[in-house]
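Per TrEMBL, these features apply:
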{"type": "BINDING", "residues": "17-24, 85-89, 139-142", "note": "GTP binding site"}
{"type": "DOMAIN", "residues": "8-277", "note": "domain 'Tr-type G'"}
Amino acid sequence: MKLIDEINKRRTFGIISHPDAGKTTLTEKLLLFGGAIQEAGAVKSNKIKKGATSDFMEIERQRGISVATSVLAFEYRDIKINILDTPGHKDFAEDTFRTLTAVDSVIVVIDVAKGVEEQTEKLVEVCRMRNIPMIVFINKMDREGKDAFDLLDEIEQKLHLRVIPLSFPIGMGYDFKGIYNIWEKNVNLFTGDPRKDIEDTIEISDLSNPELDDLIGTDAANELREEVELAQSVYPEFSKEEYRDGQLQPVFFGSALNNFGVRELLDCFIDIAPSPRPKESTTRVVHPEEKDFTGFVFKIHANMDPRHRDRLAFIKIVSGKFERNVPYLHVRQGKNLKFSSPNAFFAEKKEIVDVSYPGDIVGLHDTGNFKIGDTLTQGEELSYKGIPSFSPEHFRYINNADPMKSKQLEKGIDQLMDEGVAQLFRLELNNRKVIGTVGALQYEVIQYRLEHEYGAKCTYENLKVHKACWIEPEDPKSAEFADFKRVKSNYLATDKRGQLVFLADSQFSLQMTQEKYKNIKFHYTSEFK
Ligand code: G4P
């Protein structure tokens with residue numbers, strides 16, 4: 001098959017949601033459609049469950065699962081679908097943000113009763129900023145929930161999306177009768193039987209057809225007619241281009257648990273979701289159909305087996321053909337590497353592959369060469385943009401609790417930072433190390449993993465920091481910048497790449513500093529050039 005045909009048959013996407021909205025259940029039903037798994041319950045939730053086991057064990061369990069579910073690939077209607085797993089727990093949001101740099105589109109799952117929740121807002125905002133095409137799936141229609149129009153309003157207002165319903169529910173909760181598929185113009189009646197055949201959908205190309213009255217009763221039929229008419233007058237017309245530009249978001253209704261409305265979602269997704277998209281690099285935009293291979297690391301998984309220092313770097317292929325045993329340029333290190341056993345992922349299995357194409361994810365065994373964001377090419381000196389570090393929200397000094405193991409500690413911290421577990425800063429004042437994280441859970445993860453994987457012990461000390469901002473002076477030689485560095489010397493640190501960071505101890509002091517130093521920019525992500 002030609003490269004362009006391989007590209008056109010791929011869809012790489014992520015499912016995002018607030019925990020409990022039904023992401024795992026939906027993933028599983030999608031895999032069932034692709035025949036990739038045989039039964040329900042096969043996909044394990046990557047949620048951190050509090051309770052029975054200790055948090056450390058829970059974190060390890062979660063890490064184990066998250067290797068297995070990092071990429072779930074299957075084929076459906078001759079399309080190769082790659083679902084990239086995104087952790088829902090807020091402490092791991094940065095993992096999800098990074099994964100979102102490797103998807104070509106997303107599906108947003110919303111609980112019909114809870115509506116738009118906190119994590120949904122944060123994740124959708126990241127997708128919106130990147131103009132990632134989104135389809136919304138409103139789940140749990142078998143339960144009592146919000147009115148469809150109210151929910152659509154809420155999505156527009158809270159998520160700042162421009163929605164267009166492509167299916168519409170007939171009733172809800174106890175009275176849930178099914179959905180009218182505006183996209184395909186047919187009715188799917190809800191029987192509550194998850195094994196129901198997809199052939200059970202009934203073609204109703206014209207809503208005025210009296211057959212509809214026979215199917216769902218005259219009252220419900222009239223209500224549906226009114227609602228769909230209203231929806232069509234209120235919402236914009238569907239345009240594939242606008243959806244793909246991230247300017248319009250189709251909405252589907254259903255119940256993942258009952259496997260209802262999922263087929264409709266998947267069929268529409270196959271029709272409209274983009275195949276691998278071009279990506280911007282430091283020098284130019286790279287198109288997937290280019291002959292030469294390029295790709296970037298968006299995730300690293302380390303030490304699943306502490307006896308072998310194994311690390312798996314996950315590469316998203318952006319262009320060309322990736323081949324086993326062919327040397328590729330590791331751009332940051334300026335050296336060629338080849339890989340004898342690259343892994344590809346199918347449902348829950350991984351296998352060694354000879355060739356992979358744009359949109360695919362390959363797992364490369366690594367002995368410490370890779371950092372998140374690294375680029376591989378066939379020789380061209382380009383780096384992919386778009387994996388910034390986000391300003392952490394928690395800060396602690398990290399201390400060595402076992403002086404005999406300081407080497408191990410150094411190495412452990414170094415590798416965990418490469419993996420993107422947290423960010424390391426070094427205070428200019430006293431050269432002490434500060435760990436910044438997005439969630440408090442990461443401190444437990446780091447302490448536990450340092451001990452179990454590197455044999456090192458650490459303790460933490462609190463540090464009052466409100467926010468870290470990356471500093472960019474308009475003129476590095478100005479008197480203003482010199483003054484800033486002198487006055488704020490106690491609050492300055494450098495990150496891993498040597499960039500200057502200002503650790504503000506309160507919102508107030510940050511604001512005052514920003515007002516005082518007007519020619520210095522304060523950035524909330526590390527990537528601003
Ligand atoms: P998540 O990955 O987004 O966190 O959500 P997950 O799929 O684990 O679903 C969260 C809970 O919601 C699960 O119940 C799941 O069975 C339920 N659920 C998912 N889809 C639907 C639906 O369409 N209708 C109804 N009524 N429930 C749904 P749980 O009791 O928390 O977990 P479990 O013990 O059933 O696994």
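Cβ atoms here come from the backbone N, Cα and C positions, even for glycine.
Within its own chain, Asp20 (GTP binding site) has Gly88, Asp111 as residues 6 or more apart in sequence whose C-beta sits under 8 angstroms from its own. In the structure shown, across all protein chains, Lys23 is the one of the binding-site residues Lys23, His89 with the greatest number of other Cβ atoms within 10 Å. A Cβ distance below 6 Å to any atom of ligand 1 is met, among the binding-site residues Ser17, Lys23, Thr86, His89, Met141, by Ser17, Lys23.
Within 10 Å of the Cβ of Thr86 (GTP binding site) there are 23 other Cβ atoms, across all protein chains. For Ser17 (GTP binding site), the Cβ neighbour count at a 10 Å cut-off comes to 25, with all displayed protein chains included. Mean pLDDT across the domain 'Tr-type G' (8-277) comes to 85 in this model. Close to Met141 (GTP binding site) in the fold, though at least 6 residues off in sequence, lie Val112, Pro169, Met172, Gly173, Phe176, Ile179, Phe190, Phe253, Gly254, Ser255, Phe260, Gly261, each with a CB less than 8 Å from its CB.
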